[in-house]
Amino acid sequence: MINKNKVTERSGIHDTVKSLSENLRKYIEAQYHIRDEGLIAERRALLQQNETIAQAPYIEATPIYEPGAPYSELPIPEAASNVLTQLSELGIGLYQRPYKHQSQALESFLGEDASDLVIATGTGSGKTESFLMPIIGKLAIESSERPKSASLPGCRAILLYPMNALVNDQLARIRRLFGDSEASKILRSGRCAPVRFGAYTGRTPYPGRRSSRRDELFIKPLFDEFYNKLANNAPVRAELNRIGRWPSKDLDAFYGQSASQAKTYVSGKKTGKQFVLNNWGERLITQPEDRELMTRHEMQNRCPELLITNYSMLEYMLMRPIERNIFEQTKEWLKADEMNELILVLDEAHMYRGAGGAEVALLIRRLCARLDIPRERMRCILTSASLGSIEDGERFAQDLTGLSPTSSRKFRIIEGTRESRPESQIVTSKEANALAEFDLNSFQCVAEDLESAYAAIESLAERMGWQKPMIKDHSTLRNWLFDNLTGFGPIETLIEIVSGKAVKLNILSENLFPDSPQQIAERATDALLALGCYAQRASDGRVLIPTRMHLFYRGLPGLYACIDPDCNQRLGNHSGPTILGRLYTKPLDQCKCASKGRVYELFTHRDCGAAFIRGYVSSEMDFVWHQPNGPLSEDEDIDLVPIDILVEETPHVHSDYQDRWLHIATGRLSKQCQDEDSGYRKVFIPDRVKSGSEITFDECPVCMRKTRSAQNEPSKIMDHVTKGEAPFTTLVRTQISHQPASRPIDGKHPNGGKKVLIFSDGRQKAARLARDIPRDIELDLFRQSIALACSKLKDINREPKPTSVLYLAFLSVLSEHDLLIFDGEDSRKVVMARDEFYRDYNSDLAQAFDDNFSPQESPSRYKIALLKLLCSNYYSLSGTTVGFVEPSQLKSKKMWEDVQSKKLNIESKDVHALAVAWIDTLLTEFAFDESIDSTLRIKAAGFYKPTWGSQGRFGKALRKTLIQHPAMGELYVEVLEEIFRTHLTLGKDGVYFLAPNALRLKIDLLHVWKQCNDCTALMPFALEHSTCLACGSNSVKTVEPSESSYINARKGFWRSPVEEVLVSNSRLLNLSVEEHTAQLSHRDRASVHATTELYELRFQDVLINDNDKPIDVLSCTTTMEVGVDIGSLVAVALRNVPPQRENYQQRAGRAGRRGASVSTVVTYSQNGPHDSYYFLNPERIVAGSPRTPEVKVNNPKIARRHVHSFLVQTFFHELMEQGIYNPTEKTAILEKALGTTRDFFHGAKDTGLNLDSFNNWVKNRILSTNGDLRTSVAAWLPPVLETGGLSASDWFAKVAEEFLNTLHGLAEIVPQIAALVDEENEDDEQTSGGMKFAQEELLEFLFYHGLLPSYAFPTSLCSFLVEKIVKNIRGSFEVRTVQQPQQSISQALSEYAPGRLIVIDRKTYRSGGVFSNALKGELNRARKLFNNPKKFIHCDKCSFVRDPHNNQNSENTCPICGGILKVEIMIQPEVFGPENAKELNEDDREQEITYVTAAQYPQPVDPEDFKFNNGGAHIVFTHAIDQKLVTVNRGKNEGGSSGFSVCCECGAASVYDSYSPAKGAHERPYKYIATKETPRLCSGEYKRVFLGHDFRTDLLLLRITVGSPLVTDTSNAIVLRMYEDALYTIAEALRLAASRHKQLDLDPAEFGSGFRILPTIEEDTQALDLFLYDTLSGGAGYAEVAAANLDDILTATLALLEGCECDTSCTDCLNHFHNQHIQSRLDRKLGASLLRYALYGMVPRCASPDIQVEKLSQLRASLELDGFQCLIKGTQEAPMIVSLNDRSVAVGSYPGLIDRPDFQHDVYKSKNTNAHIAFNEYLLRSNLPQAHQNIRKLLR
């Protein structure tokens, strides 16, 4: 089934750039319909401008580093150089000549300096080898010099990673090196056992003590379902070995299947029956030659030399007794010889910044303490591509690893040395022409057709005078190219320009070929880059110039049009008449054209493309605004309502409209007919105007179609904001189609190994892309396939009827192109039918028909796709002008016979035309094929109808025209319709469906179409050449598809792909897309791979199961979640601009490492300000320098938690090692989790491992004057720790005492009755199935209460639980977890809220349940939440919230604004579940989106007892410890009530609907196996609740007190809103300024900020609180540091607010990725004014007259547009005078914060004017239309 056709869409990078831009443009033109050809041309000119939707591309090459000396020549011990030399000869990743920086690393680490290392080299520089080689060297030296020590167990190196995904990636690399059997022999020399390694993470099987039962549960399935299954599959096993995904051990011997014995029961009920005795005690034993340890128990017995783990697991390992053997063995090994040193590798070290970095820094110090060694005996190697300068890197490394600056041990920063290259040379014209004429297309097909590529190379070699290559294979050709290109002038110039730098592509071409014409320079650049990327040295795999291209795209943020048809500023060169002027992408008041035409937003009708402008009018409707009025007004509101105004030249004669005349320069609207010379133009408004509501057309006044398909549906008169995922899909498809294949195309690899890795910020976005991209592609692919199927049928003289005939031809197309389509069961059915067709007929379609072969019934998705292709408005054959549906030949003949017999006076061609129109009418009603189920019809149509079918009549407008036709009449029409119904339909009771066998599809791209000038409809035929078959008008023109700009713009996007397969014989391309996020990482411990890992393998074309197919596109979140290094990857796509440049560079760096072609990095920007900023300034993100990481080890809050951890760990380990307790059934949980919480607080009398013993132990060992632990702990605490003036020893004692007090306090909340703990369901890093008491294990209890290190991870997590009921091995049914993604509760309250759609693994669920983390078998899982609900007391009108835990006050009036206080029930979710516990039907995509509030600081009932410090004239501050914040999702406020309806038994939940509250029996949101005693449905009562979460953290609290002359009356809505905006602004600026302070230098995400307005205590004063808090629950100590540096921070805050030129806020000052939801509230000038008052007592004053005039400038422009005259007087009494006719008004402005009664503006003293008015500047900015209306009222 291999298709020999090459993909035609291949060529150079300039063509790729052009195609990406063109395809995005075509998509926008096709989806956002415009009718007028002049307007089409104008939009195209705008789209083709640089920076509208595409940014200039940048080219960048990964730098290549200088090779160093061979190992034998390095000044390192001979033992190390010998081993490294031997290993380098094995071809396992170490090369015989390391890079120079790798040599330097070896010399520094192993040589006389014995320095610790920071490997600070870039991507692709061999960082991994840079730390593995020193480890190998140390192992070799130990073997040679200390053989006795070498035989001892103990970790020689710990490799620490931030995430499991990176552990998996590193494990794969280590397997390839240390796991190689030959390498192991070399490393083993001088040792009694192989050097072993092991990964110890949450996924390592299995936690807890080993037992036969648990081996059966957790180990047996790993082997039975994976390892043993693949043992005989040599190719797959070899591939897994190659990529490091197969364990380096003797799996057969380790599993020991032969130890199991068949036995027979000799007594009891089962006497005589056989069973298997597994003898697990004799199995799972490490084999003598094993290099890898794969279970926890292996590593606990004898720890590996290399331990790979993550820092959170290392924390658990230090704490838990079960792992103590690992550290004891290492400790003994270290003691055995003073030359022994532990190596600690911190890969991706730049990630350890901020709170997480401080946590890891203290963990490292505790590790040293646990091993009882000084820091100097721990050798550290840090790696990072982004650590800033040498000094910064050194300081960071010392702080992180605890190395004192005065230590004899030093850090050496290893930086890459760029390789020295031959000098670049001036390119000759001969070289430029030879490169430009190089056959790049053939060369790009090298993976599929080596001979053609070789011929292209041979021709180039001849022209260049190079010796011809001898063709052998790809490797030989690549090596030959490498040799010949090295030293070649153009390539050396290229390397010099782009190595390690980003250069614009056009500048690159000019610099490379300055004397060549542009076209030649571009082609030569394409060839040079392609050759340089393909060239690869065989000896070490070095690519000559690994290159990537950075491309930035975005959609349109909207279109805004000048209303002057004669505008002289138009971008397009369209010479004919048009209906509007220049188009813009931003809102403007006026165009710059000669007439200064007004600019309004452009809307068009989706069906016909008719153009409208969106304006806003008052009830007088005499002036059109371009923007709505704001929400606030000092006077009576004059509401403006939206209006759609038609700007087409002629509406349809039968439509309803009113004529109006719009003044081009001002926007005045007149009912009176105006002369053309008067500056007016004619427009049309809706006929019926309803007061107070949107003024829009019910039917389009051009095409007469309804503008809404249903009452609640959005209008089809739509804006031009590019929406959805489809534009991004278009870019990804283009990106992959232009990518050269990396392997031959065959049945298993239909896309030739092409891959794209997609990154999104957000797991749900990544999941949605994985679901939606295949669906976006599917319909286009189906259209192409059906077009080819029709062509095939035509070739064998078969009619393409939409029956099984078409389905068989469709299968033939799939077979010929090795194509997969659809997914799930539908895909399986198609594959089975396709394979049967291939097997029986070798894909010969004619033969299959001759044999009357009939495939099985087509699957559901085929039927849905066929309905869409025939019936949908926009994507059907006729809708895309690809073809149409007509009667079959036989039916045409029979209908003509009937027409003649009825003596109807009509020509046969008109019967055919009417038949096609009649068929089309029925198709638009989806009345096709009665046998198709109504559920499929609903999915295809996208809407519900209770009954489907048609009356079998012409469309209403056409029927009316036909009846009025002189030669026809009503009877005539009815006879014609009856003939059509008889021959073309099946039906009964007056409901008809088109019969598939009576129809045929006509695919004809050359067909000449007809278009109606009145209604714009496109149709294949017209009646009598001139009558429109849609509306019946007699104004039809002929449209030639190849010449029509309208068809090209509107339909070209869909026509072109069909043309490519029919005319150009292109290969069909489908993409397999899967999600790859942490939410898929839940793994049943019985399976080897989580879903993500399986997808990674398929993305690497490793197909484990027979039915596996390669994944082409992997949709991920962050790079840290991609645990695979796909070196050959050449395409990355970013769905949005990442938050920081390091993120971008890391993601982009995934492409172009070792690929064979130029890599592309495509970024699609959102319309948000953060994305726009980097879209317009790509050089800042592509090549900007990363931030220097800092780790703040002086943070006492974090140190306190590590002290707690050390105390608990030491207490338990000491007592357990002393063996003072008797082993009991609880020993396992004691070893694994420090026992149960209840035992520690209320029991454990037998073991002494309880709070009383701990209390005594702390007092004896620490608090007493001779406590021995005081000094040892003080030794590992950072010297810079902020201890409040205490010595380290005294601070430690103080912390220990406070810890005891905290534990005694917590003892009161721990229940004393113990629950049974099922150890099988427990794990450390994974969520348990749920327990009666939430933190049953002591370790989890201490973590939950924030007493142990959290590593900046949220401790309050929520999960979304997807379950299924399955039959277990015992044959009974049980509930199993399918997926259980987790998020912090603050995120989950928005993303998992009831009503939200959740996409997991391409399945869509609607959140519909909120319950507790209960056991799976529990029936009523929500009861616990309702047993302990909280109260939420808040005001609807303002931000006031009262402490829910302190609600004695019964006052129900808001003390801030006077509104009514509401008391709501608030529950805190633990688990969310899907509606009805199942995924949604495909057609159900409705969701209700609600959001969680920012953290709010509830008001106490009693006065707070804070000791404030003075911070300025009107501001005080304090550092408030352990304050409670609350964050709430209030649902939607509709109908006066908000919140969610939640069942108090099962937790079934939905957004509260006051009109139809949830009630009655309902499905549970989780799986439950019903018994006879329990009904299937839950009948619990629904309650209306808020979903919320409160948490404690530390605050920096600032209190501003405002008084006269500033406004203080917060009961006034304007005053309240103004203060809230000012506080939003200062809070955001404060957060940014604090995070940038030199003592903090944090990611702003580690700080949160907020505000609250306090109740007024004194008259005419108002207190305003701002707070800055640690986002880490329990606090990270940053608020304390901020308080200590508040003067600097407040100065920086004010500078940030005043140091920008924008009006309110922008990306240069306040706007960024994370605050997009509040940017409308940010006003830097207002915030600065309030902060300046608070700090310095400066009262806002009226500005000078000229600045007032500047503030009034927008109002002035608006008034002048409306015909008023504005005179700039420039005096205090009259900054501006506005006049009309003989009346005038003096106008000024004043700061909004000034209180009106205490303030009189000078305009009120003005003379010689009829009136005066002063505007509040805050209101002026937010409600300009209102100010305009106020002036109008004064002058008219």
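Quick reminder: no glycine exception, Cβ is built from N, Cα and C everywhere.
Per Swiss-Prot, the feature domain 'Helicase ATP-binding' maps to 108-405. Annotation comment: Swiss-Prot describes Thr121, Gly122, Thr123, Gly124, Ser125, Gly126, Lys127, Thr128 as ATP binding site. As annotated by Swiss-Prot, motif 'DEAH box' applies to 347-350. Per Swiss-Prot, domain 'Helicase C-terminal' is recorded for 1014-1199.
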Quiz item: How many other Cβ atoms sit within 10 Å of the Cβ of Thr121 (ATP binding site)?
Solution: 23
Quiz item: When the number of other CB atoms within 10 A of each residue's CB is tallied over all shown chains, which of the binding-site residues Thr123, Ser125, Thr128 has the maximum?
Solution: Ser125
Practice problem: Around the recorded ATP site, report the further residues of that chain (criterion: Cβ within 8 Å of the mean position of the Cβ atoms of Thr121, Gly122, Thr123, Gly124, Ser125, Gly126, Lys127, Thr128; site residues excluded), sequence-ordered. | Solution: Ile119, Ser130, Ala385, Gly416
Practice problem: For the motif 'DEAH box' (347-350), give the DSSP counts of helix residues, strand residues and coil residues. | Solution: 2 helix, 0 strand, 2 coil
Exercise. Tell me whether Thr123 (ATP binding site) sits in a helix, a strand or coil according to DSSP.
Key: coil
Quiz item: Looking only at DSSP and grouping its letters into three states, which state does Thr128 (ATP binding site) belong to?
Solution: helix
Quiz prompt | Confidence summary (mean pLDDT) of the domain 'Helicase ATP-binding' (108-405) | solution = 91
Exercise. Would you please pick out, from the binding-site residues Gly122, Gly124, Gly126, the one with the fewest other Cβ atoms within 10 Å of its Cβ?
Key: Gly122
Practice problem: Measure the Cβ-based neighbour count of Lys127 (ATP binding site), defined as the other Cβ atoms within 10 Å of its Cβ. | Solution: 24
